[in-house]
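Peer 1: Quick one: the structure is below, questions incoming.
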Amino acid sequence: MIAAGLLLFSLFSSLALGRPTAHDVFHVHERRSDVPNGFKYVGKAAPNATLDLRIALVQSDPAGLEAALYDVSTPGSKNYRKHLTKAQADAFIAPKPESVQAVTAWLAKNNVTAQTSATGEWMKIRIPVSQANALLDTQFNEYSHDETGLTVLRTMSYSVPASVKGHLDFIYPATAFVAPRPVPAELQIMQSRETSTHGISKRARGNRKSRTTLNAIPATTSTATSKPAQATGPVSPDDSCKTKITPACLQAIYNIPPDSALNTSSNIFVASFVGESADPADLKKFLGEFRPDVSQGTTFRVKAVDGGTNNASKATIEASLDVQYTVGVAAGVDTTFVSVGSNNTDGIAGFLDVINDLISQEEPPFVLTTSFGFNEKDVPVGLANNLCNAYAKLGARGTTIIFGSGDGGVAGIQNQNCTTFVPTFPSSCPFVTSVGGTNSFGPEVAVSFSAGGFSNVFARPKYQDDVVPAYLKTLGSTNKGLFNASGRGFPDIAAQAKSFQVVRGGQTISVSGTSAAGPTVAGVVALLNDAVFQDGGQPLGFLNPLLYSSAASALNDITQGNNPGCGTDGFPTSEGWDPVTGLGTPDFAKLLDVVKKSS
């Protein structure tokens, strides 16, 4: 009732505020029917309150960007792994000059000055609510978020003049009600008292002889202060790996070599949000306990976006997990913790800011892993497409982008009441690699919380044209009407996601979630890049065309388990791809063989 009244009021008041001329009539550009769950109407926004808005201009050639991405990412292409330069990638998303001119003229006519991004596809404006109401022929209101108590200024619809139609893509976050913070995939935490076996067989434990007393190392340096213990080859996991996962367990289960990376070029960036922090001292204790063969001076770098900081004295579980398992799996690979702070005005907790920051770099990271996400329905379609194109741009330049799929099964990022299945974002973007969760071994099975399903925004990509119809045929009428069968299916692959041993505040705890699977896969990719670099090759970049073709045989197919939610059993696993564990889990040795042959 409130939402309907607001919408009528907004429409009637906009007629008085906008005063369109006969030559430049306003047209409704975006409209929503109601206030989403979790938000509550407070009242009209104060006329003098300040609004930070971002105007997305229509990109000149997103189809060309997608074609270029597949050209450099598909084995067999003559341009496979010949990634684009920054200038080449920028050219696809830069708006046409006439679009820039039309939007700039409209803003100038209304006495609004904009800051324009380096490539021109974004304009940022800061104006009072009264001016925004007139500019967009609308009424901005104040809404509160139930969980956090934070308030946002939004409108139920806005209009733009005919002169900018076809030039302006969308204005953000005008009608966007995205939760003020992204949700980490962090399901289960419990104190762990027994960490002495580390998940390796008795014959291998004899190699773990000495420990070095560690001193604090700043998180902004990367040095080696002591000699690492001698590495041993992968060994079979023992039964402790069924209840506690350590780097040694992952090495044994996924055939990952324990040797440190040899090429200094390989790197991993770990994106984190909402005040997450990691303590270098915790990393040292973690390595001393679970990877004593690694240099005791190993640490991580810190990069700040939107005023982010790494407060080591207030280390958080998610950040500790991400850093410890990227470093612990990919020893010797340069790891950067990207802290995205609260000084953002992008309306999506800095997700837009961090990706634009990385895009602006002349040398973007080779691997980017993120353990945060949203339910797809909460992200406006225009923004979802824009962010997805940004991921395509990074992929075309050689970055592998990895997201944990979420921890709510078919109910989304986290378990919730729902009547239809809830896909997650950015995992639903076809230009990222989404990672689901498994546990145990011999056989490995899906964890019940592994989020997966089908996008309601993005169509099925060509690389899934064989595997998804095959799965749907096997599925039959199960869950009919609860999901979009023509959408992009996710996850793409999976990895262990339960009972990871993590050190926080000097104490070892057990953590579960696809936020553990993502960093694991990131470490595997970084080590593959290291091997490729040693041979003078180029980074893997966007993985999916490789995964769904020649690399499918290098993955461990998971055929047991399901991902319940929304009052159903969810999707079952099956032979081949499924929306619980994707194509399966990695076998490093087999993947390395495929990667070298594909080069």
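Each residue, glycine too, has its Cβ placed from N, Cα and C.
Annotations per TrEMBL:
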ACT_SITE  E318  active site, charge relay system
ACT_SITE  D322  active site, charge relay system
ACT_SITE  S515  active site, charge relay system
BINDING   D557, I558, G576, D578  Ca(2+) binding site
COMPBIAS  200-211  compositional bias 'Basic residues'
COMPBIAS  216-232  compositional bias 'Low complexity'
DOMAIN    244-598  domain 'Peptidase S53'
REGION    192-240  region 'Disordered'
SIGNAL    1-18  signal peptide
Peer 1: Let me make sure I understand the structure: which of the recorded positions listed (E318, D322, D557) has the fewest other Cβ atoms within 10 A of its Cβ?
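Peer 2: Comparing Cβ neighbours within 10 Å for the recorded positions E318, D322, D557, D557 has the fewest.
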Peer 1: Spatially, and counting Cα to Cα, which of the active-site residues is closest to G576 (Ca(2+) binding site)? Options: E318, D322, S515.
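Peer 2: Of the active-site residues E318, D322, S515, S515 has its Cα closest to that of G576 (Ca(2+) binding site).
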Peer 1: Of these recorded positions, S515, I558, G576, D578, which scores lowest on Cβ atoms within 10 Å?
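Peer 2: Counting other Cβ atoms within 10 Å of each of the recorded positions S515, I558, G576, D578, the minimum falls on G576.
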Peer 1: Within 8 Å of the centroid of the Cβ atoms of D557, I558, G576, D578, which other residues of that chain place their own Cβ, given that this set defines the recorded Ca(2+) site?
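Peer 2: Along the chain, the qualifying residues are T559, T573, S574, E575, W577, T581, G582, L583, G584.
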Peer 1: What average pLDDT does the predicted model assign to the domain 'Peptidase S53' (244-598)?
Peer 2: 95
